[in-house]
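Engineer: The structure is given below, and queries will be raised subsequently.
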Amino acid sequence: MPKLAVVLLVLLILPLSYFDAAGGQVVQGDRRGNGLARYLQRGDRDVRECQVNTPGSSWGKCCMTRMCGTMCCARSGCTCVYHWRRGHGCSCPG
C-alpha cells in the first residue's frame, strides 16, 4: 500500500474512537451551553470532569479521573501540580 494511502487511512480511522490510556473520552454535547452536563447526567456515566474544546463548541473532553490541563490523570486520587518548565502534570500517591 502506498504511503499516502496508509496516512489517509490512519487519518480517517483515528478520529472515530478517541480514547486515551487514562480514561479520557471525547464527547459531543448539544449546541446549548450545558449540553455536556446533560450528557453526563444520562444513564450510568461516571465522568468526573469535562472541558469544552473552544467556547461555543459542542465538543469536549471528559475524564473518568481528575483532569489536569488538557490530559486525564492515570488514576483517581491524583492532584494536579505545576512543574517548572514542564507545565501541569498529575501527582499520584504511592
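Each residue, glycine too, has its Cβ placed from N, Cα and C.
According to Swiss-Prot, the record shows the following:
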SIGNAL    1-24  signal peptide
MOD_RES   Glu49  4-carboxyglutamate
MOD_RES   Pro55  4-hydroxyproline
DISULFID  Cys63-Cys72  disulfide bond
DISULFID  Cys68-Cys80  disulfide bond
DISULFID  Cys73-Cys90  disulfide bond
DISULFID  Cys78-Cys92  disulfide bond
Engineer: Which one, from the disulfide-bonded residues Cys90, Cys92, has the smallest tally of other C-beta atoms lying within 10 Å of its C-beta?
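Structural biologist: The disulfide-bonded residues Cys90, Cys92 were compared, and Cys92 has the fewest Cβ atoms within 10 Å.
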Engineer: How big is the Cα-to-Cα gap, in Å, between Cys80 (disulfide bond) and Cys92 (disulfide bond)?
Structural biologist: 9
Engineer: What is the total of other Cβ atoms whose distance to the Cβ of Cys80 (disulfide bond) is within 10 Å?
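Structural biologist: Within a 10 Å radius of the Cβ of Cys80 (disulfide bond) lie 14 other Cβ atoms.
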Engineer: At the level of the C-alpha atoms, what whole-angstrom distance separates Cys68 (disulfide bond) and Cys90 (disulfide bond)?
Structural biologist: 6
Engineer: Mind giving me a neighbour count for Cys63 (disulfide bond)? Other Cβ atoms within 10 Å of its Cβ, every protein chain shown.
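Structural biologist: Cys63 (disulfide bond) is surrounded by 21 other Cβ atoms within 10 Å.
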Engineer: Could you state the whole-number distance in Å separating the C-alpha atoms of Cys73 (disulfide bond) and Cys63 (disulfide bond)?
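Structural biologist: That separation, Cα to Cα, works out to 8 Å.
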Engineer: Hey, how far is Cys72 (disulfide bond) from Cys78 (disulfide bond), Cα to Cα, in Å?
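Structural biologist: Spelling it out, the Cα of Cys72 (disulfide bond) and the Cα of Cys78 (disulfide bond) are 10 Å apart.
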Engineer: Please list residues from the chain of Cys78 (disulfide bond) whose Cβ is under 8 angstroms from its Cβ, counting only those at least six apart in sequence.
Structural biologist: Thr65, Arg66, Cys68, Cys90, Ser91, Cys92, Pro93
Engineer: Rank the disulfide-bonded residues Cys68, Cys72, Cys73 by how many other Cβ atoms lie within 10 Å of each Cβ and give me the one with the fewest.
Structural biologist: Cys68
Engineer: According to DSSP, collapsed to three classes, what secondary structure does Cys63 (disulfide bond) have?
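Structural biologist: Once the DSSP labels are grouped into three classes, Cys63 (disulfide bond) ends up as strand.
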